[in-house]
Amino acid sequence: MAAATDGGGLPLLADKAASHSHHHHPERHFTSGEVVRDVIMGVSDGLTVPFALAAGLSGASAPSSLVLTAGLAEVAAGAISMGLGGYLAAKSEADHYQREMKREQEEIIAVPDTEAAEIGEIMSQYGLEPHEYGPVVDGLRRNPQAWLDFMMRFELGLEKPDPKRAIQSALTIALSYVIGGLVPLLPYMFISTAQNAMLTSVGVTLVALLFFGYIKGRFTGNRPFLSAVQTAIIGALASAAAYGMAKAVQTR
């Protein structure tokens, strides 16, 4: 069905806009995807790895003090390692963006007509005709910086990274890992018997995994309850494997 138009052939959107203002539809978007990804990565590994380590040591009949010492050492090492990994990943992403931007800038200067034609190809993918995107192409050619930004985003699919992203990513992942890693170790700080501490750690950590999985599902758009169950199962399997392996080695 054709849209109603005015004398100039443009769709009449005024009534729609007015109606929309009266029937506002709240859009639920979360734009800080990189931060959420870092937190998920840090907390997820922080909950799982020390949990599995503590279960394995408990299975080997290690005392609570040893489990706690080894667990804290692992949390410190894991936080540093994951933080550095996040820093290097973000730094590599920023370096890649700079290289591609330099190459694209050189192409705009060397072969402007070819690059302008690529704008048209991109626009045509959205259903626009040459007479519709022609003025856009002309406007971008008059503004080299806007042209470069357009090509980076729509041709290469690259967003300009935040200059502080590498440091922020490292700190976010490391801190999240520490927070997650302390959860399964808390019982060992207060319970002297390793077996009792392990059972308490299992209960506390599984609750934390369920809660974290639910929150993760809410932020990532997945089904929260399914995400909670999946996260808890992964943590439980990791700790069970470590505990079983320790018991198997101990009996040899």
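From the backbone N, Cα and C atoms, a Cβ is placed for every residue, glycine too.
Topological domains recorded in Swiss-Prot put V36 on the other membrane side from A248.
Binding of Fe cation 2 is annotated in Swiss-Prot for E104, E115, E118; the matching candidate from M41, M151 at the same site is M151. Away from its own ends, the transmembrane segment (225-245) comes close to residues 44, 47-49, 51-56, 58-59, 202, 205-206, 209-214, 216-217 of its chain (Cβ-Cβ under 8 Å, at least six residues beyond either end). Reported as a whole number, the C-alpha separation between E107 (Fe cation 1 binding site) and E115 (Fe cation 2 binding site) equals 7 Å.
Confidence over the topological domain 'Vacuolar' (60-65), given as mean pLDDT on the 0 to 100 scale, stands at 84.
Look at the Cβ of each of the binding-site residues E104, E107, E118, E155 and count the other Cβ atoms within 10 Å; the largest number goes with E104. Same-chain residues lying 6 or more positions outside the transmembrane segment (39-59) and placing a CB less than 8 Å from one of its CB atoms are 66-67, 70-71, 74-75, 78-79, 82, 86, 172-185, 188, 194-195, 197-198, 201-202, 205, 208-209, 212, 216, 219-220, 231, 234-235, 238-247, 250. Sorting the topological domain 'Cytoplasmic' (218-224) by DSSP state (H, G, I as helix; E, B as strand; all else coil) yields 4 helix, 0 strand, 3 coil.
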